[in-house]
Structures are given as structure tokens and as C-alpha cells.
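Feature annotations, reproduced from Swiss-Prot:
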ACT_SITE  179  active site, nucleophile
ACT_SITE  225  active site, charge relay system
ACT_SITE  257  active site, charge relay system
BINDING   111, 180, 204  bis(2-hydroxyethyl) terephthalate binding site
DISULFID  290-306  disulfide bond
SIGNAL    1-48  signal peptide
């Protein structure tokens, strides 16, 4: 009788084949796991295990210079009739709720100006993972000390009564402002040392020394500013901060007092880095602040203390 050579194989003959299949399955499983992990690390909700406040994927030069970050953004208007202590405004916030709460920033306009003058910062910062409130002041003629109080009143409304309060970590807050709003930013940081970040943009204030400020502060001046010249405003503000405070001075090149009123990549880049570093305690952004940025086509000068202590 003719025998079939493909039947009745020896008992151990299948083992190498099975081992090969198992190895291939293990390799595929590992590859899938790697893809899943990579997706987790690079998606909008990526967070490092040792810092629960990190939001968004690892930053790059291009990501912090982009017009929009990884988060989709919505906005809601706040009527001046619905609030006390400031003039209402617009809240910009990430639509995602899967990442937990976000830090928040309130931004005040300058003398005679409205929130529209700094509105570009709202979606730009919010898309990087912040709740941002651009406000109007009670009157356009309000002075820096009044604007400082209004920034704090807006923060209190944002965290206590606003429709997005559940999206905010009330322990991670910052302030920004332009011109007299920038002077108000320093006033707010002086009054409330629990603030995590302050960014005065081409600031104006009659008070030149700020020894009481312990909040990490980035002062932004402009080399062509004739309304608040850096020699009598931004530079002494920076120098008047305690050396123990995390501080930096960024002087824009070929810029004016009104440069913060239109979309500006340099302002956005370093504001995002400062807010991320100190509100989110996200050291992934330290690389853009330390070593100190060098003079360039957009930077006239940059000073600061590195590495940062906070």
C-alpha cells in the first residue's frame, strides 16, 4: 500500500513551527502595544506619570509657534451685567474634558482699549491647554492698580461662578495684560502671591519696583516703544523683581508699544512656554527658556535666571 508522506508526522515535528508562530504573535503584540503607547504619548491628553498637570503632547519649536495647539477651543461671552468688579469678557476653553482640569489665565487690555485688542491670545493660548479669559475693564481709563484688582476679580469669577469653573484647577492660575493692563498684572501678582505666573506685555506703571512679587514673571518690552519706553518701564520692572523670583525680560526687536495687539509669534511662543512651565509645572517647556534665548530678528534682548527654581 502506498504511504502518504504528509501524514503521521513525528510527535516533536510541530514544535518548531508552533514556537515560530508564538514568536511572530509576540512580535505583533509588542508592535501593537508600542503603537498604543506612542499614541498615548503624542495625543492631546498625553500626561507624564510624575506630573499630573502636564497637558498635551511633548512640545517642539514648531508646536509652540503654531497658530493653534492640539486642543479644539470653544468660547463663551460674559456680560458686564452678570459680574462685579470688572467689565465682562470672553472665555476661551479646550472642549476636551478627558484630560481633567486646566490652568487658567486672565488677560487685561491697556489704557482706552477693549478686550478686542488682546483677543488673539484667547484661542491661541487655550488651544495649548488653558482656560483663558480676556476681559474688559470697568472703564477704559482705569489705572494699573484698578486693573490689577479687576484681574483678580475676573479670576475669582472664573473659578467660582463661571459656566466653565468645573474645567479649571483653581490652584493653577496666572495673569497677563497689555500696557496699563501689564502694569495691572504686576499689581495683581503683588496682591496675590499664590498666582503661578504673570506676563506683563509692554507694561506701563508709575511704580517701578516690585520687591513683594514672588510669582514667576516674564516682562515683555519692545525696543521701539515710545509710550512705555523700556528704559523707564519694562526694564526697571524686571530689575525691581527680587532675584529670588523666577523672572525673565524679553525685549522684542523691531517692535512697538502696540505689538501685543496683533498676532505675534514671539510673544505667543514665550508666553506659552512661561505659562506651561509655571502654571502646569511642565518642565518639558524649560528647553525654550533655558539656556536663555539669544538675540535674533525678533528678539532684541533676553535676560533671566536659569535654571528656574519653581
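Heads up, residue numbers simply count up from 1 along the chain you see.
Quick reminder: no glycine exception, Cβ is built from N, Cα and C everywhere.
According to DSSP, residue 204 (bis(2-hydroxyethyl) terephthalate binding site) is assigned to coil rather than to any helix or strand. Residue 179 (active site, nucleophile) has a Cβ environment of 31 other Cβ atoms inside 10 Å. Listed in chain order, the residues near the bis(2-hydroxyethyl) terephthalate site other than 111, 180, 204 are 110, 143, 144, 147, 179, 181, 182, 183, 203, 205, 228, each with its Cβ within 8 Å of the site Cβ centroid. Summarising the bis(2-hydroxyethyl) terephthalate site geometry, the residues cited as binding it (111, 180, 204) extend over a maximum Cα to Cα distance of 9 Å. Annotation: 257 are the recorded positions among 111, 204, 257, 290, 306 whose CA atoms are within 10 angstroms of the CA of residue 225 (active site, charge relay system). Taking the Cα atom of each, residue 179 (active site, nucleophile) and residue 290 (disulfide bond) are about 26 angstrom apart. Taking each Cβ in turn and tallying the other Cβ atoms within 10 Å, the top scorer among the recorded positions 180, 290, 306 is 180. A C-beta separation below 8 Å, combined with a sequence spacing of at least six in one chain, links residue 257 (active site, charge relay system) to 179, 202, 222, 224, 225, 226, 227, 228.
Of all Cβ atoms in the protein chains displayed, 24 besides its own lie within 10 Å of the Cβ of residue 225 (active site, charge relay system). Ranking the binding-site residues 111, 204 by C-beta neighbours within 10 Å puts 204 at the top. Reduced to three states, the DSSP call for residue 179 (active site, nucleophile) is coil.
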